[in-house]
Amino acid sequence: MARITLRQLLDHAAENDYGVPAFNINNMEQALAIMDAANQVDAPVIIQASRGARSYANDVMLKHMMDAVTEIYPHIPVCVHLDHGNEAATCMTAIQAGFTSVMMDGSLKADGKTPGDWTYNVGVTKTVTDMAHLGGISVEGELGVLGSLETGMGDKEDGHGAEGKLSHDQLLTNPDEAVKFVQETKVDALAIAMGTSHGAYKFTRKPDGDILAMNVIEEIHRKLPNTHLVMHGSSSVPQDLQDIINAYGGKMKPTWGVPVAEIQRGIKNGVRKINIDTDNRMAMTGQIRKVLKDNPEEFDPRKYLKPAMEAMTKLCKQRLQEFNTAGQASKFKKILTPADMAKRYAKGELDPRVA
Ligand SMILES: O=C(CO)COP(=O)(O)O
Ligand SMILES: O=C[C@H](O)COP(=O)(O)O
Ligand SMILES: [Zn+2]
Ligand SMILES: [Zn+2]
């Protein structure tokens, strides 16, 4: 049983200079596809479920799927993480369901739409870290609001995201505030805003520094060299996946995602968790479209879900290799339980170290 906390996993990643992709799941096929990839390349992995995933699949189903994958692949450390918790209660019920890590996204209020101010964000995030750490569970916070530096619009493409126009100050995490935020909340990982957004339509052109502000990450890393940084909205939206979808009846508009090279630059500068959902959605959908178009007589779901899973495994494997996560699973000597981690928090061993 190798369910690992985010904190232990990212501490290992920092010591060994790699990043860990956090892939979203909603169903068995996605869970199996991720684990197949992690197993093939000996990588630890983060599997995350959003509020939408929890209501789609049911917490009990998710809990047992996570038990199942750790039983099938006992040698692969798996962190089970809540993506974009909107309030303390959402985080606590995830912990009850067996998650080893939660995101309290206080950059937005509980409605998941209205930007939260400093006092709100620090308050709600600290409430969650205080409680979660007592049980040894890790917490990711977010400072800065995800959205486009091209248009100034928040990202509400998939339901969770700011509505309307945002200022440059909101769209770019302030490095000095990041230091204060980590000190006050004691989060284990910090998600930051620098121009990425959720979904497929991130950039209207190949991003440069004006619209994907990687320099902000570098500056935050200089001030917070010991804090694990998180990049959300980090799908690369590969052209070949857009082409497959469009070749088989899809209608995706031209778009750009986050180039892998920019993520690799982030990993050199403290980025340890990289959130990817859209690329996997596209990989699966492309294959489903292809099978159904090529074989209109087909109605056995396994006939299209199997190639969909294979395409997702291929994508996950590629990212695990590109982020140097591959080869790291067998390096873990001991997986600490949440109870072990709770003792470490209580002793102050895991308090933020601010330069
Ligand atoms: O950030 C994400 C989940 O929190 C996913 O981002 P993408 O939409 O770029 O895959
Ligand atoms: O926001 C991140 C992921 O893409 C999850 O999306 P979702 O809320 O539609 O499940
Ligand atoms: Zn999303
Ligand atoms: Zn996200």
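Our numbering is plain: 1 for the first residue shown, then up by one each step along the chain.
Cβ from N, Cα, C; glycine included.
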G233, S234, S235, N275, I276, D277, T278 bind dihydroxyacetone phosphate per TrEMBL; candidate in G199, G209, G327 listed for that same site: G199
Candidate from H12, H133, H168, H198 that TrEMBL assigns to the same Zn(2+) 1 site as H84, H232: H198
Secondary-structure category, per DSSP, in which H84 (Zn(2+) 1 binding site) falls: strand
DSSP-derived structure type at I276 (dihydroxyacetone phosphate binding site), helix or strand or else coil: strand
For the Zn(2+) 1 site built from H84, H198, H232, further residues of that chain with CB within 8 A of the site's CB center: D83, D105, L146, D155, H160, G161, A191, G233, N275
For H84 (Zn(2+) 1 binding site), nearby residues of its own chain (Cβ under 8 Å, 6 or more apart in sequence): S50, R51, M103, D105, G112, H160
All-chain count of other Cβ atoms within 10 Å of D83 (active site, proton donor): 26
Fewest-neighbour residue among binding-site residues, criterion Cβ within 10 Å, set D105, D277: D277
